[in-house]
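Contents: one structure, followed by commentary.
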Amino acid sequence: MSSPTAEESFWRALWRRSPARFEASLTVAARERVSVRLLDALGLFALGWLAALLLCLLGGGDAAVTRHLGALFWVEPQHERLKALTDGGLYPFYVFFIGLLVVGWRRRNRLYFEVARLWIAAELLGALLVVRALKMVVGHPRPDAAAEPAARLFGLAWDSAYNSFPSGHSADVFTSAFCLCLLLSQRWQRAYVLGFAALIGLTRILLAKHWASDVLVGAAIGVVVSALLAARLLRNP
């Protein structure tokens with residue numbers, strides 16, 4: 001039987017549960033390591049998320065916290081740097097995971113290949129499909145477009161100015177950060193990566209592109225979808 005071309009094998013492998021190129025499934029030890037990292041990353045995220053939610057509640061609510069952060073004295077002078085960070089902070093993850101996919105394929109490293117596939121699936125399902133659907137249905141005005149400080153729901157708005165909920169940047173960066181955590185052996189490394197994701201989310205508030213609640217929900221979508229897909233990977237190695 002003639003083997004398929006490398007290109008055909010690669011693209012087919014992206015959609016197959018058990019790609020033929022990899023002779024063995026993930027070992028028990030590898031799955032245990034990923035499981036520990038997954039649970040630890042979930043715990044770190046939950047602590048940070050609940051702390052941010054508590055700060056919002058104690059700070060007077062969603063609108064009050066968003067307006068306060070955006071009005072900090074150093075935000076306007078650093079506007080261009082914040083904009084560069086909020087836009088450019090996503091791209092290193094894209095490069096990393098595409099590179100991880102290629103390296104995993106070429107070196108027949110099942111773990112690298114599976115984590116990269118997980119990232120692609122989570123980005124498509126959570127950061128793109130779920131987030132985009134909610135943006136279209138909810139029609140939440142952005143802080144720089146709202147006529148009043150309090151957020152309002154318009155519903156079925158197609159204008160980008162009314163696609164605030166949830167934050168796509170937050171869902172995107174937390175999807176990437178969570179998937180990366182599955183490869184990191186040390187807790188401080190996972191905390192650092194999740195902290196960087198939180199920083200990107202914060203820039204969305206500082207730049208008046210999202211309310212605090214948009215960022216919190218976007219981050220939760222990214223992590224929850226990634227965790228569910230990762231759990232499926234561990235059940236069906």
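Any Cβ shown, glycine's included, is placed from N, Cα and C.
Annotation comment: TrEMBL describes 115-230 as domain 'Phosphatidic acid phosphatase type 2/haloperoxidase'. The feature transmembrane segment is assigned by TrEMBL to 41-64, 84-103, 115-134, 165-184, 191-209, 215-234.
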Practice problem: Run through the domain 'Phosphatidic acid phosphatase type 2/haloperoxidase' (115-230) and tell me, per DSSP, how many residues are helix, strand and coil. | Solution: 80 helix, 0 strand, 36 coil
Self-check item: Result, the transmembrane segment (115-134) in contact with the transmembrane segment (41-64) (3+ CB pairs under 8 Å)
Solution: no
Self-check item: Averaged pLDDT score, the domain 'Phosphatidic acid phosphatase type 2/haloperoxidase' (115-230)
Solution: 90
